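Take a look at the structure set out below.
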Amino acid sequence: MNDTLAGWLQITVLIAALALTYRPLGDYMARILTATRHLAVEKGLYRLGGVDAEADQQWGAYLRSVLAFSAVSVLFLYGFQRLQNHLLLSLGFAPVKPDQAFNTAASFVTNTNWQSYSGEVTMGHLVQMAGLAVQNFVSAAVGIAVVAALIRGFTRRRTDRVGNFWVDLTRIVVRLLVPMAFVFAIVLVAMGAVQNFHGIHEIGTLVGDKQSLTGGPVASQEAIKELGTNGGGFYNANAAHPFENPNGISNILEIYLLLVISFSLPRTFGKMVGDHRQGYAILAVMGLIWAASVALITVNELHSVSSTAGHSAGGMLEGKEQRFGIWASALFAASTTLTSTGAVNSFHDSFSPGGGGMTIFNMMLGEIAPGGTGSGLYGILILAVIAVFVAGLMVGRTPEYLGKKLGAREMKFASLYILATPAIVLIGTGAAMSLKGERAAMLNSGPHGFSEVLYAFTSAANNNGSAFAGIGVNTHWYNTALGLAMLFGRFLPMIFVLALAGSLARQQPVPVTAGTLPTHRPQFVGLLTGVIVIVVGLTYFPALALGPLAEGLH
Amino acid sequence: MASYLPPAVRRHLSALRMLLVLTVITGVLYPLAVTGVAQAAFHHQANGSVVTQNGMSVGSSLLGQSFDLPKKNPNNPDEAARPDPKFFQPRPSAGSYDPLASGASNLGPNSPDLVKAIDDRRAAVAAFDGVSPEDVPADALTASGSGLDPDISTAYAYEQVDRVAAARGLSPRQVHTLVADHVHGRDLGFLGEPRVNVLDLNRALNALSG
């Protein structure tokens, strides 16, 4: 079979698998989020945790629970890393330094999984599995919980209650993430991913040398790292490492896992608002953007567009694995940066200017196609609110979405959401570029060096976690600045989303009239896609012009 | 929960208890269960797919390794590695095939350093394998993502046949057939790329020439 046919087949099979999952998984998640009965095991957990599972929370209480849980998580993870030398399975590693421990704690709690450390020589097994991997589960669940609250804002009327955070969190972990991760972890082991508690040990090589292997609970972390759109690798090489991603089948499976929840959530949304067509419209926008991005990255990589190194080697294989090749690497790169995953099976820093630039642009879109678990859906719903508002301005009537009026208060929250992340990205990048030492941390010079810094802040503020890794980020400054970017980039938007949820829930829905903008037709799909591309394009164009665009035209 | 505590403190204590409860489930029970099943059902894979020969391990079939000549002075860390002509050679590695230094070069697509490295490798591989520089395939000139890529392209494997055959006193035809037998097609026929596992091929080569 030739390359092109195999490449297309690979993409087709992935889309087919996602399409087959859309309805069952989306419906299942809707049931989890709306069921009135608790499982016996959940009741036990609520009792142990000391939370009231019957309380229906106001948006403020919901938010305070999210923030309390996340704050405690950051402190716990920080302490865990600082004390790892006193714990079991530390492999003899020293405590993680304070700035790096803060950065890593913020990173995993915010579902970012930016890594300024190299896993195999920094973190003991216990920190990896009982610290980092736990956040892979719960940070993914927090995202889904928050979008559930937003959807309830649309579906409920004349109430100030948006759900119970503890119940949402627990159910998503217990009924969705743990069972799925368990099954896929075993499948990954069957293909060659490692799963043991060995420390670093030497084995012989064929010519009589020695090689040091590191074992660890890798497959269990790999499964949830993709499924929860986290992305933090057990090893430094992340999903390019053969022990994390051994062959072509594990590779397509990992891409499927990192997309599946976020691509199925529109179904959950449609089900909960009682109109599946609303879900399909959102899905269509996500699908369009994803497909365009996959196409652009693949073409740029296949033809080594504007890359001297690619032309000189006869192919863009720097930073790519032979078993994946260009097609499977481009597919992974597009999917990981359009979700908040940030796992990599190839290194984006060595991608062509167009391919690498697209990965940055994908994150700048706010990771909404399909985005992180939960965060992707609330991100695109905020943009849908903006799109409806823009359309309302054009025809001169008060905009409404799903029967809820979008007045001044609602638009304030939506606008703040849209402004928060770009502000963090551009201020952070600007600050780094104005400091001599931070500029010097770039491995590459000129526009590509600038792209590395822009990528770092875009990745952190959008909670992606992938990197143009040719930049020395394990410094006090970068660990602190990027740690703060991740925290603000995660929780500021969440505040605005939950505030919007509260304000929507309070309204009595207005009846649909002839003047209501239909939000389930192709017209709206086009409008929303246009709003997304224009809003993001205008926000980031100057920064992109200095980096990837300048490099591509070079 | 003690009701005399301020609500904010109670909330954070509750959050901590929930975190600990969920840690037990997702951070202890879950990985232990996966490990239990993995070790029982897939012992070989779960422990790193280590290949043994006469009771001695010779590497992991999933991790690349170097096939270099012994160092002239084993205590000199700066001595350049010399590839052993009797073995098929793997791709360049940013971490010299050290599993504790997995990762890529992270050099940009127009980096002068990368272009120079590619040119140098092209000249070196062409001279080593006795082929013309334009016949050296891209994977032989570029460092992999993991630095531990166990595979090379079929083109690079065939390109090394004559040199290996000459170094071992085998006929090129014999070695060519051996490579052909070790070509691993795309997974399920369409996933990823065709490839040759360098360790497997070199072991078969050792068996062939005794």
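Note: Cβ is positioned from N, Cα and C throughout, glycine not excepted.
Just so it is clear, the model here is predicted, and its values are computed rather than measured.
The transmembrane segment annotation in TrEMBL covers A:6-25, A:61-80, A:126-151, A:172-194, A:248-268, A:280-299, A:376-395, A:416-435, A:481-504, A:524-545.
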Considering only Cβ pairs under 8 Å, which range in A:6-25, A:126-151, A:172-194, A:416-435 makes the most contacts with the transmembrane segment (A:481-504)? A:416-435
Are there residues at least six beyond either end of the transmembrane segment (A:172-194) with Cβ under 8 Å to its Cβ atoms? List them, or say none. 28-29, 32, 39, 41-42, 45, 137-138, 140-141, 144-145, 215-216, 218-220, 222-224, 226-228, 242-247, 249-250, 253-254, 257, 261
The answer for the transmembrane segment (A:376-395), taking Cβ pairs under 8 Å and residues 6+ beyond its ends, is 143, 146-147, 150, 229, 262, 265-266, 269, 282, 285-286, 339-340, 366-370, 401, 406, 410-411, 414-415, 417-418, 493, 496-497, 500, 515, 517, 519, 524, 527-528, 531-532, 535
